[in-house]
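Look at Swiss-Prot and you will find Trp57, Tyr150, Lys285, Ser320, Arg416 tagged as substrate binding site. The feature pyridoxal 5'-phosphate binding site is assigned by Swiss-Prot to Gly117, Ser118, Asp256, with similarity to another entry given as support. For Lys285, the entry in Swiss-Prot reads N6-(pyridoxal phosphate)lysine.
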Amino acid sequence: MKQVLTELQEKDLQHVWHPCSQMKDYEAFPPIVIKKGEGVWLYDEQNQRYLDAVSSWWVNLFGHANPRISQALSEQAFTLEHTIFANFSHEPAIKLAQKLVALTPQSLQKVFFADNGSSAIEVALKMSFQYHMQTGKTQKKRFLALTDAYHGETLGALSVGGVDLYNEVYQPLLLDTVRAQGPDCFRCPFKHHPDSCHAQCISFVEDQLRMHHKEITAVIIEPLIQAAAGMKMYPAIYLRRLRELCTQYDVHLIADEIAVGFGRTGTLFACEQANISPDFMCLSKGLTGGYLPLSVVMTTNDVYQAFYDDYATMKAFLHSHSYTGNTLACRVALEVLAIFEEEQYIDVVQDKGERMRKLALEAFSDLPFVGEYRQVGFVGAIELVANRDTKEPLPSEERIGYQIYKRALAKGLLIRPLGNVLYFMPPYIITDDEMQFMIQTTKDTIVQFFEEREG
């Protein structure tokens with residue numbers, strides 16, 4: 001039976017091309033038009049509400065229509081909305097840069113502003129390459145990336161990604177990247193457990209660095225969680241050993257904290273848990289609490305000095321975006337950081353993370369099609385499998401995660417899947433009752449789906 005569309009849905013399907021979507025799916029399952037947000041909830045045209053368990057693609061930290069952030073944005077909009085950022089600056093950007101330098105690892109002293117996560121990755125890749133070109137290491141023209149990595153969808157970012165869903169069609173256009181097998185604690189090739197392993201799988205990276213370090217400019221990694229690959233989580237010792245290898249072989253380390261930064265892993269930045277300082281740190285998403293697009297690339301004085309010279313040397317970093325250092329976004333980011341500090345939200349996230357872990361383990365551990373529930377900080381993931389003992393994956397063509405996602409929406413819960421992995425990444429303001437609803441509804445939906453599937 002064909003669904004009756006609202007006027008806005010009809011106009012949407014007539015003109016809008018949605019991201020990461022097969023638009024033909026929308027004929028049977030049209031986009032939900034959201035009219036307002038409040039706290040962890042999104043409300044559609046019929047005032048049906050949905051608990052935003054994915055923080056609207058991992059960006060929202062302190063709730064939709066947060067009064068404090070909205071007020072800061074409004075006040076700034078009546079003073080200065082934007083200004084060119086070449087030869088000009090403004091107070092919110094200056095204060096934000098100063099604050100980020102104070103919060104991140106000590107060696108990160110310079111802040112370059114960009115618009116979004118993919119843009120930040122492009123900046124870091126270009127900076128690293130140009131640094132080596134300008135310091136006499138002209139043979140360093142390749143990057144090393146991990147299998148199942150995701151760093152964005154521009155061509156440079158895709159070049160260091162490893163998820164075929166996004167990469168495969170563009171392969172002829174991508175950079176010649178060195179690949180190393182990444183960590184997979186659920187299906188560990190060494191049969192180790194992440195709580196007690198010594199990151200033996202770092203040997204895959206070490207082998208590639210030993211062979212190719214003279215031509216590698218940087219290794220890029222998502223610290224602690226390979227998010228888009230299905231929330232693949234690994235221990236901090238892997239990061240520590242990777243930092244040691246990068247130093248040993250004279251290659252940069254780029255930490256892509258776009259998804260995991262700003263408290264998601266239980267510390268303000270994931271790199272803190274390994275006590276490492278990367279050469280570049282890319283930040284976005286939670287930086288503005290889900291309000292406005294903004295990203296930054298943080299780097300060292302050593303990198304900065306390789307570009308600092310007389311104009312005639314042509315060593316400047318000639319990269320820009322029209323909305324670089326947008327005033328509104330910077331002001332919002334300052335308010336987000338103030339909320340973290342004044343309301344001690346890292347402690348809140350850690351406490352709520354333990355509550356979520358307890359509820360989730362009770363709910364999912366004994367379900368026959370759940371291979372594993374895993375969690376780092378305030379990110380939880382349910383890996384659905386065909387066989388718990390062998391960890392055999394479910395057939396991707398059945399789109400089981402997508403089927404569960406649709407059923408959950410009908411129950412008022414937004415849990416957009418990653419293949420056959422369902423995950424929780426809710427706003428930090430979620431209450432205990434809302435968390436209980438999120439987990440119980442997910443369990444009920446999984447059970448309902450597999451009962452229907454088995455007939």
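Glycine too: its Cβ is placed from the backbone N, Cα and C atoms.
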Annotated substrate contacts Trp57, Tyr150, Lys285, Ser320, Arg416, maximal Cα-Cα distance (Å, integer): 33
Nearest recorded site to Asp256 (pyridoxal 5'-phosphate binding site) by CA-CA distance, among binding-site residues Trp57, Tyr150, Lys285, Arg416: Tyr150
Greatest C-beta neighbour count within 10 angstroms, which of the binding-site residues Lys285, Arg416: Lys285
Residues close to pyridoxal 5'-phosphate site centre defined by Gly117, Ser118, Asp256, Cβ within 8 Å: Asn116, Ser119, Ala120, Ile121, His151, Gly152, Ala157, Ile258, Cys282, Ser284, Ser295
Neighbour count (Cβ, 10 Å) for Asp256 (pyridoxal 5'-phosphate binding site): 30
Winner by Cβ contact number (other Cβ atoms within 10 Å) across the binding-site residues Trp57, Tyr150: Tyr150
For pyridoxal 5'-phosphate, whose listed binding residues are Gly117, Ser118, Asp256, the greatest C-alpha pairwise distance in Å: 10
Assigned conformation of Tyr150 (substrate binding site) - DSSP reduced to three states: coil
Nonlocal residues around Gly117 (pyridoxal 5'-phosphate binding site), in sequence order (Cβ under 8 Å, 6 or more apart): His151, Gly152, Asp256, Ile258, Ala259, Cys282, Ser284, Lys285, Ser295
Pairwise Cα distance for Ser118 (pyridoxal 5'-phosphate binding site)/Tyr150 (substrate binding site) [Å, integer]: 10
Trp57 (substrate binding site) - helix vs strand vs coil (DSSP): helix
Around the Cβ of Ser118 (pyridoxal 5'-phosphate binding site), the count of other Cβ atoms that are within 10 Å: 21
